[in-house]
């Protein structure tokens, strides 16, 4: 009985501190369901985890965001603009995680013993693309030219890029999207029988591991499935009844619920915003 009361009190406390927003969006407290080893790499603590070894390469233009289309294998657009600011990276499979690593933020640094141009100062990058090369290193950051050069001492960005490949250190850190809350981008080509969405700016953890959808006047949540990259989709087998609510879970277990965020007159290739953010 005492255990049951404690659980109910904990649940009530969590409800009280939930952050409410437009369309009923709210961010709930974190819980942990990963082993300590996985949490070391995947969980966004407030200070970041321990530094781990990796290797870095770069691609695209020297001062670019990686792909020429300012996007990448996660499906994000505008990676050359705020908040990505071209500080982006491909992740190999342990980082990309079949798309569940999209949006995760990492600090990276190289030190002078690896290259005289290295500044040793940590720089933050966001996983926006994928590299399936398995030969470079167990953890391989294929950085944008901008991000690779950012690890250099002042004025030595080009010299550092000349190295082509570097031994670096990295650690998972919280994403800090100052001034931005969670945004849902409904993909082009969607219709009442097919719905696909990308979650932008999932602060703190950054990475989204599950999205669910609830139709108007329905008590049931339906799971969306990974389509590719950070794109989540559903083929419901019947016309979806809007407005639609979306529930998003990050990789540390935080949940954000956006009630009726997709309006009755929704369309494809459009953005729908909340005023909530993961913390």
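Yeah, the Cβs are placed from backbone N, Cα and C, and that goes for glycine too.
Not measured: the values here are computed from a predicted model.
Listed features, source TrEMBL:
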SIGNAL    1-27  signal peptide
DOMAIN    71-180  domain 'Expansin-like EG45'
DOMAIN    193-274  domain 'Expansin-like CBD'
Secondary structure tally of the domain 'Expansin-like EG45' (71-180) (DSSP, helix then strand then coil): 19 helix, 33 strand, 58 coil
Number of helical, extended and coil residues in the domain 'Expansin-like CBD' (193-274), per DSSP: 0 helix, 44 strand, 38 coil
For the domain 'Expansin-like EG45' (71-180), mean pLDDT (0 to 100): 95
